[in-house]
Amino acid sequence: MAESEDRSLRIVLVGKTGSGKSATANTILGEEIFDSRIAAQAVTKNCQKASREWQGRDLLVVDTPGLFDTKESLDTTCKEISRCIISSCPGPHAIVLVLLLGRYTEEEQKTVALIKAVFGKSAMKHMVILFTRKEELEGQSFHDFIADADVGLKSIVKECGNRCCAFSNSKKTSKAEKESQVQELVELIEKMVQCNEGAYFSDDIYKDTEERLKQREEVLRKIYTDQLNEEIKLVEEDKHKSEEEKEKEIKLLKLKYDEKIKNIREEAERNIFKDVFNRIWKMLSEIWHRFLSKCKFYSS
């Protein structure tokens, strides 16, 4: 774990294909940013992120594809886990397991097992369960729904410290009700963070990735600064241009430099992707066959 010093709240959504992760992300973000159509196949193919300002906090939401879609390979899974790690650095405050109202399926059990295998069981201290299709409770209280749930579902709820809530992402649900749901989720996460001594989730993978990102940002910043100084020098030494032309060109060069610096984090993320992928691949390739057969090996 690592202490959180800023006002950001990093939220990673995980769960099986079709559980409503993208629709939930849109509800949290307060607008339709991610494609959340009802489809037979996964709509979200790649890990994606977006953020919003909310009551003085910056909510960063990372939407992941179904990590255990049976059609996907180890290679694809490693790529998406790598993207998730990079997108949520230096570490998520909450790993939100998105489930449809109903039973706790094998694919969802495998997703939790995968999280434990990659990040360790301590990741469960940062997990919240979010049920979608709240409107289908049809008068039944959420408390009663949990009380009547099967053993598997009760077990994962207990393992997550009974941190759970329900969302209705339906277009029929009012904006005010959706914002109330976001309020409930954020309060649940903030309470969890307090229980974790103000810390977000972090481990060796996240720490190493964040360090690589910072180092790469420094290298890129120096490269761009040196390039800018060299280009400015060439402009200043150009005897065929007036002072007014030089000033205008230098101004444009600085604007171009500022744009590069603004996007330096994203470029650093692209640069280190292969290193993170190789680490995840090495870790999972040794145990992948076990996930494809018995997830219980990791769920215990």
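Any Cβ shown, glycine's included, is placed from N, Cα and C.
Going by Swiss-Prot, these are the annotated features:
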type    : residues                                                                               : note
BINDING : Thr17, Gly18, Ser19, Gly20, Lys21, Ser22, Ala23, Arg37, Arg133, Lys134, Glu135, Asn169 : GTP binding site
DOMAIN  : 6-210                                                                                  : domain 'AIG1-type G'
REGION  : 15-22                                                                                  : region 'G1'
REGION  : 42-46                                                                                  : region 'G2'
REGION  : 63-66                                                                                  : region 'G3'
REGION  : 132-135                                                                                : region 'G4'
SITE    : Arg103                                                                                 : site 'Important for catalytic activity'
Most crowded position, judged by CB atoms within 10 A, among Thr17, Ser19 as binding-site residues: Ser19
Cβ neighbour count (within 10 Å, all chains shown) around Ala23 (GTP binding site): 25
For Lys21 (GTP binding site), the three-state class that DSSP assigns: helix
Cα separation, Arg103 (site 'Important for catalytic activity') to Ala23 (GTP binding site) (Å, whole number): 20
Coarse DSSP state, helix versus strand versus coil, of Glu135 (GTP binding site): helix
DSSP residue counts for the region 'G3' (63-66), split into helix, strand and coil: 0 helix, 1 strand, 3 coil
DSSP-derived structure type at Arg103 (site 'Important for catalytic activity'), helix or strand or else coil: coil
Site of maximum Cβ density within 10 Å, from recorded positions Lys21, Arg103, Arg133: Lys21
Arg103 (site 'Important for catalytic activity') and Thr17 (GTP binding site), distance between Cα atoms, whole Å: 15
Rounded inter-Cα distance in Å - Arg133 (GTP binding site), Arg103 (site 'Important for catalytic activity'): 13
Taken over the region 'G3' (63-66), the model's mean pLDDT: 86
Alpha-carbon distance [Arg103 (site 'Important for catalytic activity'); Glu135 (GTP binding site)] in Å: 17
Distance, Ser19 (GTP binding site) to Arg103 (site 'Important for catalytic activity') (CA atoms, angstrom): 12
Count of other CB atoms lying within 10 Å of the CB belonging to Glu135 (GTP binding site): 14
